[in-house]
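TrEMBL has this to say about the protein:
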- 32-52: transmembrane segment (TRANSMEM)
- 41-494: domain 'Major facilitator superfamily (MFS) profile' (DOMAIN)
- 66-92: region 'Disordered' (REGION)
- 106-123: transmembrane segment (TRANSMEM)
- 130-152: transmembrane segment (TRANSMEM)
- 158-186: transmembrane segment (TRANSMEM)
- 225-245: transmembrane segment (TRANSMEM)
- 300-323: transmembrane segment (TRANSMEM)
- 343-362: transmembrane segment (TRANSMEM)
- 369-386: transmembrane segment (TRANSMEM)
- 398-423: transmembrane segment (TRANSMEM)
- 435-461: transmembrane segment (TRANSMEM)
- 467-490: transmembrane segment (TRANSMEM)
Amino acid sequence: MESQAHNNNNNNNKGVPPAGIFYLTKIRRKEFTIGFHKGLILLITFVAYALFHASRKAPSIVKSAWDPQESNTGHDGLPTPPPSTPSGWAPFTGSTGKDKLGQFDFAFLAFYAVGMFFAGHLGDRVDLRWFLSVGMVGSGVFACLIGMAYWWDIHILTFYIMVQMAAGLFQATGWPSVVAVVGNWFGKSKRGLIMGIWNAHTSTGNILGSLIAAAVLQYGWGWSFVLPGLLLVLGGVMVFFFLVVEPADVGFESPYETNTHDAEGENLQLVRLKTEGIQTLGSRNDPAIGFVEAWQIPGVATYALCLFFSKLVAYTFLYWLPFYISQTRIAGSHLNDKIAGDLSTLFDVGGVIGGIVAGYASDCLSARAITSASFMLCAIPALHLYRAYSGISLPVNIGLMMLLGMFINGPYSLITTAVSADLGTHSSLKGSGRALATVTAIIDGTGSMGAAIGPLLAGFISENFGWGAVFTMLMLAALLSGLLLTKLVIGEVREKLEVFQRVQVINEPDHVHLAGILSDTGSNEIGRTYRSSIDLKMLAR
C-alpha cells in the first residue's frame with residue numbers, strides 16, 4: 001500500500017533529491033522506502049548535531065591546561081595542595097584567568113544565541129540542506145583556527161574572542177535546521193519518545209568531544225580543537241550529499257497530510273473533516289511565519305524563558321564540569337586533566353537516560369509541562385547532593401553525577417525537541433508549515449542566552465566566592481525554570497481532570513472505541529475534540 005501510494009504521487013510531488021541519494025537510487029535501480037528515508041534522516045541529523053557538540057566540548061577539557069591554578073578550598077572547606085600541572089597558556093593564566101575563560105565562553109555563547117534568532121528566520125526561507133552544510137563547514141574551520149593558535153603561539157585574548165564570536169554565529173545554523181528537518185518527516189505520534197532518543201546526539205557529541213579532546217591533550221592542546229573541527233567539516237560534506245529535507249523531495253507525502261489507507265480510514269477521515277484547527281505541514285513554497293507571529297504562538301514565550309534557566313544550568317556543567325572535577329578532591333586526592341575529562345562524560349550518559357525517560361513520560365502522560373517542571377525541581381536536591389557528597393569516593397561521585405545529568409538534561413532535551421516541534425506545528429498556525437525553524441530558534445535562542453550567562457557567572461563567582469556559591473546560583477536557576485511552567489502545569493492538570501470526567505460520563509462503546517483509535521494513531525487533538533462532541537451530545541440528551 002505504501003509503495004503504491006508512493007508510485008501514484010511520485011510524478012506530482014517529487015522534488016530534487018540531493019546528489020548522493022540520486023546516485024544511490026540510480027545504482028540500486030529502485031526507489032528507497034519511506035522507512036529507509038526516515039531512518040537515514042534520524043542518522044544524518046544525529047551525527048550532524050553530535051559533531052556540533054563535540055567541537056563545543058574542547059574548551060572545557062583544555063581549560064585545565066590553559067589555567068592550571070588550583071582552587072583554594074576542597075569540599076570540606078580546608079586548604080588543598082596544588083596538583084603538579086604545567087604553567088598554563090597566556091592570556092588565560094594569572095589571577096584573572098578564570099574571568100578570561102568565562103569571557104572566552106561568553107563570546108561564543110552570546111553570538112550563538114543572537115545568531116540563533118536570525119538562523120531560524122532564515123531557515124524557514126532557504127534550503128535547509130545548504131544552510132546546515134555551510135554552517136557545519138564554517139564551524140569546523142573556526143574550531144581549527146582556535147587550535148592553530150597553539151602552533152602559531154598566539155597569546156592575544158582578542159584573537160580568541162573574535163574567532164569564538166564567528167564560530168558562535170555559524171554554529172547557530174545547526175539546531176533550527178535539524179529540528180525542522182526531523183519535524184518535516186515525523187508526525188506528533190510518539191514524538192516525545194522518538195525525539196528523546198534522537199536527542200541523545202547532544203550527550204553523545206559531548207562524550208565524543210570529551211574523549212577526543214582528552215586523548216590528544218598530551219600532544220598539545222591545539223589538537224583538542226583541530227580534530228573535532230575536521231570531523232565537523234566532513235560532516236558538512238555528508239549533509240550536503242545525503243540530507244533529504246522533506247518527504248516531497250523523494251516523492252512522499254508529509255506525515256501531517258491526511259492518510260486514509262488504514263482500516264479505520266473512513267472514520268478517521270470523517271472526524272477530520274468535522275474538526276477545525278488540525279495542523280498540516282506545508283511545503284517550502286508556503287509563506288514563512290513572521291518572527292513576532294511565532295512569539296505569539298501559545299506556549300512559545302513560556303517555554304523559551306524556562307529554557308533560559310534550564311540551559312544556564314546545563315551549559316555551566318558543559319563548560320566547567322571537567323575543570324571543577326580536576327580542581328576538587330575526590331576521596332582525598334586530585335584527578336589529572338585526562339581522567340577528569342573522561343569522568344565528566346558520565347554526566348552526559350545520565351543526560352541520555354534523562355532525555356529518553358522525559359520523552360517517554362511526556363508521551364504517556366501527554367503532558368510536556370508537567371514532565372519538564374518535575375525534572376527541573378528534582379534537579380535542585382540533586383545539585384545539593386553532588387556539591388556536598390561527590391568528594392566522598394569515586395563511585396559516589398559517578399552516581400550523583402549521572403543522577404544530576406538525568407534531571408538537568410531531561411527537560412532541556414524535551415523542550416528543545418518535542419516541545420519545539422509541537423509548537424512549530426501548532427493549530428493556531430492555520431496551515432502555515434514554515435514555522436518549525438523559527439519557533440525552534442526562538443526557544444533555543446532564548447535558552448542560549450542563559451547558556452551564555454551561566455558559564456560567565458560561574459567563572460566570576462568561583463573566582464570571588466568559591467564553588468559553593470556557584471551551586472547556589474544553579475539551584476536558584478533550576479527553581480525558576482520549574483516555576484515558570486506553573487501556569488502550563490495547572491492547565492495540563494485541569495485538562496486531565498476534564499478528560500477523566502468525560503470518560504466517566506460516556507457509556508457508548510462505539511464512541512469510546514473510536515476515541516481510543518484516534519489516540520492510538522497519535523491524533524490526540526482529534527481525539528479530544530471528538531470526546532468533546534460526545535460530551536455535548538450526552539448533555540443535550
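Even glycines carry a Cβ here, placed using N, Cα and C.
Against the transmembrane segment (225-245), stretch 130-152 has more CB pairs under 8 A than any other of 106-123, 130-152, 300-323, 369-386. Take the transmembrane segment (343-362) and the stretches 32-52, 130-152, 158-186, 398-423, 467-490: counting Cβ pairs under 8 Å, 398-423 has the most. Listed as Cβ neighbours of the transmembrane segment (158-186) (distance under 8 Å, sequence separation of 6 or more from its ends, same chain) are residues 37-38, 41-42, 45, 48-49, 52, 55-56, 91, 103-104, 107-116, 118-120, 123-124, 128, 131-132, 134-136, 138-139, 142-143, 145-146, 149, 194-195, 198, 243, 245-247, 254-255, 281, 416-417, 420-421, 424-425, 436-438, 440-441, 444-445, 448. The stretch from 32-52, 106-123, 130-152, 300-323, 398-423 that makes the most Cβ contacts under 8 Å with the transmembrane segment (467-490) is 300-323. Listed as Cβ neighbours of the transmembrane segment (130-152) (distance under 8 Å, sequence separation of 6 or more from its ends, same chain) are residues 48, 51-52, 55, 58, 119, 122-123, 159-160, 163-164, 166-167, 170-174, 177-178, 181, 220-226, 228-233, 235-237, 239-240, 243.
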